[in-house]
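Novice: Per Swiss-Prot, the features are:
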ACT_SITE  HIS538  active site, proton acceptor
BINDING   ARG559, VAL560  O2 binding site
DISULFID  CYS186-CYS228  disulfide bond
CARBOHYD  ASN65  N-linked glycosylation site
CARBOHYD  ASN111  N-linked glycosylation site
CARBOHYD  ASN190  N-linked glycosylation site
CARBOHYD  ASN280  N-linked glycosylation site
CARBOHYD  ASN377  N-linked glycosylation site
CARBOHYD  ASN410  N-linked glycosylation site
CARBOHYD  ASN495  N-linked glycosylation site
SIGNAL    1-16  signal peptide
Amino acid sequence: MKTILSSSLVVSMAAALPHYIRSSGIEASLLTDPKAVAGRTVDYIIAGGGLTGLTTAARLTENPNITVLVIESGFYESDRGPLVEDLNAYGEIFGSEVDHAYQTVELATNNLTELIRSGNGLGGSTLVNGGTWTRPHKVQVDSWETVFGNEGWNWENVAAYSLEAERARAPNAKQVAAGHYFDPSCHGTNGTVHVGPRDTGDDYTPIIDALMTTVENMGVPTKKDLGCGDPHGVSMFPNTLHEDQVRSDAAREWLLPNYQRPNLQVLTGQLVGKVLLDQNNTVPKAVGVEFGTHKANTFNVYAKHEVLLAAGSAVSPQILEHSGIGMKSVLDTVGIDTVVDLPVGLNLQDQTTVPVSSRITSAGAGQGQAAYFATFNETFGDYAPQAHALLNSKLEQWAEEAVARGGFHNATALRIQYENYRDWLVNHNVAYSELFLDTAGAVSFTIWDLIPFTRGYVHITDADPYLRLFAYDPQYFLNELDLYGQAAASQLARNLSNTDAMQTYFAGETTPGDNLAYDASLSDWAEYIKYNFRPNYHGVGTCSMMKKELGGVVDSSARVYGVDSLRVIDGSIPPTQVSSHVMTVFYAMALKISDAILADYASSQ
């Protein structure tokens with residue numbers, strides 16, 4: 001087999017390459033002809049050029065002796081213009097070719113389907129997300145080690161990698177006065193991802209200060225740095241953008257400065273269908289991938305060291321299943337021989353979002369975003385005793401119900417997850433919901449249920465990987481606590497919008513508005529929410545990193561159990577949800593796993 005790339009030592013483009021250099025040269029350097037790599041060999045193949053894929057590719061190819069091929073279904077989109085570059089255009093690109101728009105199954109909650117927005121292009125969902133930069137609670141990350149058996153996956157280590165990825169700018173005096181707070185000890189300043197305050201240049205709205213005053217009267221903290229491991233209360237937050245307000249996406253930061261490395265190649269417009277496995281040894285070994293655009297025209301490329309799956313929490317489990325790695329019951333249904341029986345595609349955990357919006361008076365005009373990370377008790381308010389009663393009496397029942405619905409495979413193991421969540425909420429006051437405030441022309445809250453107890457799944461439904469036929473069922477709100485938690489958080493947002501200092505700027509509610517009486521009960525809210533929510537597009541867990549006996553698909557080095565030379569390195573592997581926007585976690589994951597890969601590479605030489 002021929003070698004695809006030169007391993008000669010050259011000086012790569014500087015990491016500090018100005019971000020405003022657009023695509024001059026890069027698109028011409030990206031491969032589009034599959035025959036350019038077919039039949040050849042590299043050290044590492046990365047299936048997926050999103051956040052984790054490009055971060056890992058950049059880190060591995062710092063060593064000029066390591067050759068890497070990234071295969072991505074989309075194309076280079078970072079210079080598309082305001083639709084990508086402007087965070088204030090969030091949502092406008094949905095429905096375009098840069099959005100996978102995966103469709104769920106018909107949901108049992110409401111007999112409707114939903115679309116899962118996911119970036120299709122180099123950079124993945126960093127092309128289309130809202131760019132919010134926060135970090136989880138320390139105890140959440142610590143539990144990955146203490147509860148799930150992932151040695152080294154604790155707050156101290158993961159936070160260090162997260163800071164390594166970050167190039168933060170402190171807020172200026174105007175931004176601090178508006179409500180930003182910056183703790184230098186919680187930020188990196190020499191990393192790759194540019195992070196700083198969003199600022200259109202307009203005056204900031206007084207509504208954020210009013211919200212802070214309102215919650216302070218409730219005993220809730222304000223103006224905390226949400227990157228320090230204890231997100232709680234109301235604060236403004238930084239975003240992934242440059243000082244000139246251009247989006248800092250993964251392709252712009254990890255590929256654009258490095259695409260001229262002779263040991264890195266990127267093939268676009270191609271799907272990875274399955275992993276090629278050598279089954280002649282006691283343990284199957286990944287030796288390459290099959291890729292293409294349809295089954296009549298496929299190609300193989302080979303990996304000397306490892307195959308790394310980075311196609312996202314919806315697609316990486318599909319690639320495994322098409323490779324014969326998954327639940328035998330699923331693979332038998334589509335006629336694929338089982339090579340390794342693992343609970344692939346289970347433990348899917350996504351959050352939900354509901355809007356509560358009001359008109360504002362002219363005095364409230366101005367820019368600004370903030371978030372209220374609310375604890376379990378703050379979310380439920382007067383309903384907290386009933387909510388605690390559910391936590392204390394229903395965990396076993398919920399686990400059995402989730403297994404019966406196909407969201408997990410072992411009720412005893414799932415109860416361990418639920419007990420971990422209960423510990424977070426009851427003993428550590430981990431944020432349970434997020435009320436995300438945007439003041440662009442309205443008092444617009446979007447409310448998230450951060451810690452879902454429901455479990456869903458993703459499984460292939462056809463043996464042809466290029467048809468991408470699969471069942472994606474997050475099973476939203478099939479757990480009663482999730483539904484009532486979303487209802488309580490939404491009710492809280494309505495109450496805050498017309499309370500205390502916020503009243504000054506309140507000019508009438510538009511959503512739910514007349515669709516839900518102002519004195520609606522929690523049950524009324526719950527019924528309304530079933531038909532008026534959307535997914536949050538933060539699905540995790542479908543190739544969970546945990547002990548095998550707990551339901552793990554990969555170990556603490558992201559290696560697939562029972563297969564040599566194969567890892568999953570993306571959002572499939574977190575075993576839990578977190579009280580945070582997830583980019584900080586995913587960048588840390590990619591860098592930490594990259595170091596594990598490099599250590600294995602060094603030991604092989």
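Even glycines carry a Cβ here, placed using N, Cα and C.
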Novice: Please report the Cα separation of ASN495 (N-linked glycosylation site) and ARG559 (O2 binding site) in Å, rounded to an integer.
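Specialist: So the alpha carbons of ASN495 (N-linked glycosylation site) and ARG559 (O2 binding site) sit roughly 47 Å from each other.
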Novice: So, in DSSP terms, is ASN495 (N-linked glycosylation site) helix, strand, or coil?
Specialist: helix
Novice: With Cβ-Cβ distance below 8 Å and at least 6 positions apart along the chain, what are the contacts of CYS228 (disulfide bond)? List them in sequence order.
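Specialist: Long-range Cβ contacts: ARG135, ASP183, SER185, CYS186.
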Novice: Mind checking which of ASN280, ASN410 has the fewest other CB atoms within 10 A of its CB? They're the glycosylation sites.
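Specialist: Lowest Cβ count within 10 Å among the glycosylation sites (ASN280, ASN410) is ASN280.
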Novice: Find the one among the recorded positions ASN65, ASN111, ASN190, ASN280, HIS538 whose C-alpha lies closest to that of VAL560 (O2 binding site).
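Specialist: The answer is ASN280.
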Novice: Among the recorded positions listed here (HIS538, ARG559), identify the one with the smallest other-Cβ count within 10 Å.
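Specialist: So among HIS538, ARG559, the recorded positions given, the one with the fewest Cβ atoms within 10 Å is ARG559.
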Novice: Name the residue among the glycosylation sites ASN111, ASN377, ASN495 whose Cβ has the smallest number of other Cβ atoms within 10 Å.
Specialist: ASN111
Novice: Pick from CYS186, VAL560: which of these recorded positions has the biggest number of other Cβ atoms within 10 Å of its Cβ?
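Specialist: When each Cβ's neighbours within 10 Å are tallied, VAL560 tops the list.
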Novice: What does the structure give for the C-alpha distance between ARG559 (O2 binding site) and ASN65 (N-linked glycosylation site)? Integer Å is fine.
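Specialist: Between the Cα atoms of ARG559 (O2 binding site) and ASN65 (N-linked glycosylation site), the distance comes to 23 Å.
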Novice: Specify the secondary structure state of ARG559 (O2 binding site) as given by DSSP, simplified to three classes.
Specialist: strand
Novice: Between C-alpha atoms, which of these recorded positions comes nearest to ASN280 (N-linked glycosylation site): ASN65, ASN111, ASN190, ASN410, HIS538?
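Specialist: So, spelling it out, the nearest of the recorded positions is ASN65.
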Novice: Name the secondary structure element type, per DSSP in three states, that contains ASN377 (N-linked glycosylation site).
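Specialist: SS state of ASN377 (N-linked glycosylation site) = helix.
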Novice: Run through the Cβ atoms and count how many others sit within 10 Å of the one on ASN190 (N-linked glycosylation site).
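Specialist: Around ASN190 (N-linked glycosylation site), other Cβ atoms within 10 Å: 10.
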Novice: Roughly how many Å separate the Cα of ASN410 (N-linked glycosylation site) from that of HIS538 (active site, proton acceptor), to the nearest whole number?
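Specialist: Answer for this pair: 24 Å between alpha carbons.
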Novice: Between the Cα atoms of ASN111 (N-linked glycosylation site) and ASN190 (N-linked glycosylation site), what distance do you get, rounded to the nearest Å?
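Specialist: Between the alpha carbons of ASN111 (N-linked glycosylation site) and ASN190 (N-linked glycosylation site) there are 49 Å.
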Novice: Under DSSP, is CYS228 (disulfide bond) part of a helix or a strand, or is it coil?
Specialist: coil
Novice: Once the chains shown are all counted, how many other Cβ atoms turn up within 10 Å of the Cβ of ASN65 (N-linked glycosylation site)?
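Specialist: For ASN65 (N-linked glycosylation site), the 10 Å Cβ neighbour count is 12.
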